[in-house]
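Here is the structure we will look at.
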Amino acid sequence: MEEGGRDKAPLQPQQPPATSPGSGDEKPSGKERRDAGDKDKEQELSEEDKQLQDELEMLVERLGEKDTSLYRPALEELRRQIRSSTTSMTSVPKPLKFLRPHYGKLKEIYENMAPGENKRFAADIISVLAMTMSGERECLKYRLVGSQEELASWGHEYVRHLAGEVAKEWQELDDAEKTQREPLLTLVKEIVPYNMAHNAEHEACDLLMEIEQVDMLEKDIDENAYAKVCLYLTSCVNYVPEPENSALLRCALGVFRKFSRFPEALRLALMLNDMELVEDIFTSCKDVVVQKQMAFMLGRHGVFLELSEDVEEYEDLTEIMSNVQLNSNFLALARELDIMEPKVPDDIYKTHLENNRFGGSGSQVDSARMNLASSFVNGFVNAAFGQDKLLTDDGNKWLYKNKDHGMLSAAASLGMILLWDVDGGLTQIDKYLYSSEDYIKSGALLACGIVNSGVRNECDPALALLSDYVLHNSNTMRLGSIFGLGLAYAGSNREDVLTLLLPVMGDSKSSMEVAGVTALACGMIAVGSCNGDVTSTILQTIMEKSETELKDTYARWLPLGLGLNHLGKGEAIEAILAALEVVSEPFRSFANTLVDVCAYAGSGNVLKVQQLLHICSEHFDSKEKEEDKDKKEKKDKDKKEAPADMGAHQGVAVLGIALIAMGEEIGAEMALRTFGHLLRYGEPTLRRAVPLALALISVSNPRLNILDTLSKFSHDADPEVSYNSIFAMGMVGSGTNNARLAAMLRQLAQYHAKDPNNLFMVRLAQGLTHLGKGTLTLCPYHSDRQLMSQVAVAGLLTVLVSFLDVRNIILGKSHYVLYGLVAAMQPRMLVTFDEELRPLPVSVRVGQAVDVVGQAGKPKTITGFQTHTTPVLLAHGERAELATEEFLPVTPILEGFVILRKNPNYDL
């Protein structure tokens, strides 16, 4: 019997008929029309349909008669008819179609029935019928007064319809009306398990999100569905406002813990940025192998937990979290890929490819400037490889080819080459600490900090070496040591380091630059922790400075330090914004905007982006009016204003849009379009910031449309736009060895051969493109682009905010700020270990990641894959999965360091 109700004639003769004329319709006005229609319809109906229609009409009439003993069998028959027809998915089931015109009559009959079982039974049937009528949630109304028999018997479509009505009804009830919500809740408790059991997990989640009862999920979830449910919940996070987004994450986290999926739970705890929870998850896991995997994840995210000594395998876990092995694992990858051979800058510039051989004439324009560029390029390209051809053999020769501040950056680049190699690196840097030149000494101090970036060491070598120079008489020495400490302890929130640095800001000998760098360093160390001491000290420093001092370009680093301290903290910044109200313009709006955008970094908060767009547009009108008055006067005024005005807050607003939107794909796409408009119509300060924003939204992800835009603006009439565009090209392609970008940059190098500043930028971009010979990334997102590393964002922001005044900072004397990028450098590799942490080469498939949220079954998660043997490199947007069933990964996301276990069910 369970058939029929297909598009054409149903198989069983009895099926629900269209109405006969005169079947008490609610609206008599439409009745005549319908009668005519029915006449036509009756002609078309097949025998079986006709029979079905008559039968249903008879049943309805029977319900209208006085004889109550006939009600029960009539209702039974109606129900059987409706149920037996719900098998078809493509069309409205015939019985429902034929009963529609009787809907009003059935309701009347229901009202006149005596209370009791029959009345409830009738309510059930009307409830199902209501699904086809667009009424005022009558499906729900009659369901609640019906016989409460199980939902499943009426089919999936009915359950879906009901769920929609429950959600709407819930939103109309106030919190006060608790009693009315009770029956709805009981319904929900039926709907959710039904959906879970029928592959409609996301519908269950949607319903619970609508009625804000997500916590109910945990009870109804089973082994098969939890992965899908959690994937759906976490992918909804970007689209719901505070505080619901954290509620969703906490719910998914609870589900993972229920099934002892610790690595997944840990990842969500890191997304929530809740350190107590992280520690709780880590310590509650009793499986040492899983703990090691979680330690790798924490190390990658830059989180260090103080474990008690009695934890099993304490030393191993501490070592993994401290990233002690990062350098040796990275070098193992380099040997595997056969790229250990050091490169010199000329290998990158490929000067031999330039046709008119003006490598000579170009480099004579500003030889110190070119040598400085080569120092950076050499550092970027050989980063973390531990050897190069300029500095590690006989560095002095190279250092003295640089002048003054150039020596500082050149010496510091040694730190980049020895990145993460604390034991071996410091001995090589040591000899420069005794140099007679302050600049070289300061650079060596910075190098010590860089080497320790992202790596913990119980001996704290960076603190020991650098602490003596923090209040040194020479401001040059202060710069190197303070910025070095900032990089070495970024994200650690170490009180001892902060107490050492904070007094420097108020010290009378500190120049504005030193005060700025100190604020920066403190912001990096306390990143995202809302550290009270850091906040109060920086605020106090800002208050104490005079208006002219705040016009100094280095003053921009003070609010940046504040912003980094509150990175991603959302509303926690209200008090600071209030405190900044007393500062004079233009510094106030600059600081306010900067702190504000940092607080929402990576959140994808649409409302914030709208506010920032207002900031970008508001300024424009007022200037336009002036322009009409007197263009000439405006030009002169602009020239005078430019250095004093801090590139105002508009530049920051543009960067902020990128900073907020980079967290999720759709927001980033929309931001891209906006940037296009800003580049065409914006003020000069705005246009200078747009290339930097493009760089931030697509770090280490060389998308052609972005590269083309940047390439176009690298020839802009405004030199600062072109400097920033060229550098942005380097950021977008950082660590990718992208051939198309490399070719673009070589052409630019020829085009700008006579312009030392632009050429300097081209060289930097070339160095970044080949960062770590193509093995490193600057992208702050990891774990399938779910987690944002705050330390990495801090490093990127430091550099980009400094580029807002590229002429005075980067092309001036403070190019050492570029080493902020070190905080974001991470190997983009996948290395697999066995349970004893020995390298274990296995074959993996690497391909473009596919979004599988809310899809049924087990869809493929990657497309267009190639099979490699680990260790392998993963490009932006790629995902890996094991190509063998012999091993099972301990964590579902294959990225960074992954521990594999033997599959017990694997038979050889």
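A Cβ is built for glycine as well, from the same backbone N, Cα and C atoms used for every other residue.
Residues or ranges marked as N-acetylmethionine by Swiss-Prot: Met1.
Taken from Swiss-Prot, the feature region 'Disordered' applies to 1-52 (among others).
Annotation source Swiss-Prot lists compositional bias 'Basic and acidic residues' at 24-52 (among others).
Feature annotation from Swiss-Prot assigns phosphoserine to Ser29 (among others).
Taking a C-beta cut-off of under 8 Å and a sequence gap of six or more, Ser147 (phosphoserine) has these contacts in its own chain: Glu117, Arg120, Phe121, Ala123, Asp124. Taken from Swiss-Prot, the feature phosphoserine covers Ser147 (among others).
For Tyr194, the entry in Swiss-Prot reads phosphotyrosine. Its own atom aside, the Cβ of Tyr194 (phosphotyrosine) has 18 Cβ atoms within 10 angstroms in the protein chains shown.
Residues or ranges marked as phosphoserine in Swiss-Prot (evidence: similarity to another entry): Ser361 (among others).
As annotated by Swiss-Prot, phosphoserine applies to Ser363 (among others).
Residues 302-304, 408, 412, 441-454, 456, 462-463, 466-473, 520-529, 531, 533-534, 537-538, 540-541, 544-545, 549, 552, 554-555, 790-791, 794-795, 814, 816-817, 819-820, 822-823 of the same chain lie 6 or more positions beyond the ends of the repeat 'PC 3' (480-514) yet place their CB under 8 Å from a CB of it. The repeat 'PC 3' feature in Swiss-Prot is assigned to 480-514.
The helix, strand and coil residue counts that DSSP assigns across the repeat 'PC 4' (517-551) are 26 helix, 0 strand, 9 coil. The repeat 'PC 4' annotation in Swiss-Prot covers 517-551.
Positions annotated as N6-acetyllysine by Swiss-Prot: Lys551.
If you look up Swiss-Prot, you'll see 560-589 marked as repeat 'PC 5'. Counting same-chain residues at least six beyond the ends of the repeat 'PC 5' (560-589), those with a Cβ under 8 angstroms from any Cβ of the stretch are 242, 273, 516, 518-524, 526-531, 534-535, 538-539, 542-543, 547, 550-551, 595-603, 645-646, 648-649, 788, 790, 793-794, 797-798, 801.
The feature region 'Disordered' is assigned by Swiss-Prot to 623-645 (among others).
Taken from Swiss-Prot, the feature compositional bias 'Basic and acidic residues' covers 623-643 (among others).
Cα separation, Tyr194 (phosphotyrosine) to Lys551 (N6-acetyllysine), rounded: 65 Å. Over the repeat 'PC 5' (560-589), the average per-residue pLDDT in this prediction is 88. Counting residue by residue with DSSP, the repeat 'PC 5' (560-589) contains 22 helix, 0 strand, 8 coil. Classification of Ser147 (phosphoserine) by DSSP places it in coil, neither helical nor stranded. Remark: secondary structure over the repeat 'PC 3' (480-514) totals 24 helix, 0 strand, 11 coil, with classes taken from DSSP.
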